[in-house]
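Remarks on the structure that follows.
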Amino acid sequence: MWWGALSLLFWVPVQAAFLKMETVTVEEGQTLTLTCVTSQTKNVSLQWLAPSGFTIFLNQHPALKSSKYQLLHHSATQLSISVSNVTLREEGVYTCLHYGSSVKTKQVRVTVLVTPFQPTVEALVLRRQNGEKSVVLKCSTERSKPPPQITWLLGEGLEIYGELNHEFEADGKICNTSSMLIARAYGKNSTVHCIIQHEGLHGRKLVAPFQFEDLVADQETSDQETSDAPEQSSLSSQALQQPTSTVSMMENSSIPETDKEEKEHATQDPGLSTEASAQHTGLARRKSGILLLTLVSFLIFILFIIVQLFIMKLRKAHVVWKKESEISEQALESYRSRSNNEETSSQENSSQAPQSKRCMNYITRLYSGAKTKKSAQHWKLGGKHSRVPESIV
């Protein structure tokens, strides 16, 4: 916690008595030494911060558990540390803080140099239909920071520049550099040197010689086999499309030329099979890429139409199903209401049937009783009438 609190002091505005910015340049793989000195001797604490803002050392106490950071010297007035095997990750601004009656700040900007590799020279012989020949030279070096300077040293000490090409890697810091030169005339014993100059070399130069003697010998051998095929050591056909410098070289002299028309003619001559092949390959790739893109677009369009038709069919089926479900629900409700009505009427009929039957029985009994009574009365009256005449007589 207290390491973090002390690290945050770097980002908070402080009352700095002085602010110094030093610049230190170190080569990749070497050891970086950082020294912080103060004139105060009492109640002083010294702290080194990494470019990321984290504490490296507070007095003699290490804060980062890394073997790259070592304590060289600590006293009341000095704190010296070292960073071993420096890489591009260690590049940036390091800060020293003096904690006393006031906070003093010292900053050191560290720049890491990456020295280039030993250069290599490649050659390509171009032969045109009219019999003229020229040699394309390419000098390449890899992995440097900053980009190096490449020159060509001709036979009698004449140093010229070629056409530079820088290609940076993904980090945007490391650079791969090449230089191209066209030799339109040269002798069998001529020699050309590719020279690399860089800050990390401290005045030294990286030199790669190229002798035309070997090229002429190979050329004579190839002339016996075929007179029209171009000879290539290890240079790709794409390199021919880049603009290059043109020179003429003889055995004991070197004269620079700047004939743009001949250079363009040598580069764009349709008789060169390598260039024609490269153009044909590029055109074929472009056509195949366009055809593939068109086919993919057409397939995506067809798939989109199929999906839309499927969605429309699904919606139509859903509407039909919804209507059918509504009709079935209405029929079910009607059937249920009809069943309820029939049950109610049947229950009413069943409840009225016993009552009517009892009424009929009651009426039948009354009728039979009344009939019996009437017949009895009639019989009595009949008996009386029969006896009256006899008494009268």
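Each Cβ is built from the backbone N, Cα and C atoms, and glycine gets one as well.
Just one residue in ASN85, ASN252 has N-linked glycosylation site written against it in Swiss-Prot, and it is ASN85. Each of CYS96, CYS175, CYS194 is a candidate, yet Swiss-Prot gives the disulfide link of CYS139 to CYS194.
Taking Swiss-Prot as the reference, the stretch among 178-181, 330-333, 390-393 described by the feature motif 'PDZ-binding' is residues 390-393. Of the listed disulfide-bonded residues, namely CYS36, CYS194, the sparsest CB environment within 10 A is found at CYS36. Other Cβ atoms within 10 Å of the Cβ of CYS96 (disulfide bond) number 23 in total over all chains. Straight-line distance linking the Cα atoms of CYS194 (disulfide bond) and CYS36 (disulfide bond), rounded to a whole number, equals 44 Å. The DSSP breakdown of the domain 'Ig-like C2-type' (119-208), given as helix, strand and coil counts, is 3 helix, 57 strand, 30 coil. Taking the Cα atom of each, CYS96 (disulfide bond) and CYS139 (disulfide bond) are about 44 angstrom apart. Proximity of CYS139 (disulfide bond) to non-local residues of its own chain (separation of 6 or more, Cβ distance below 8 Å) is seen for PRO119, THR120, VAL121, ILE150, TRP152, GLY162, SER178, SER179, MET180, LEU181, CYS194, ALA208, given in sequence order. For the topological domain 'Cytoplasmic' (311-393), the model's pLDDT averages out at 74.
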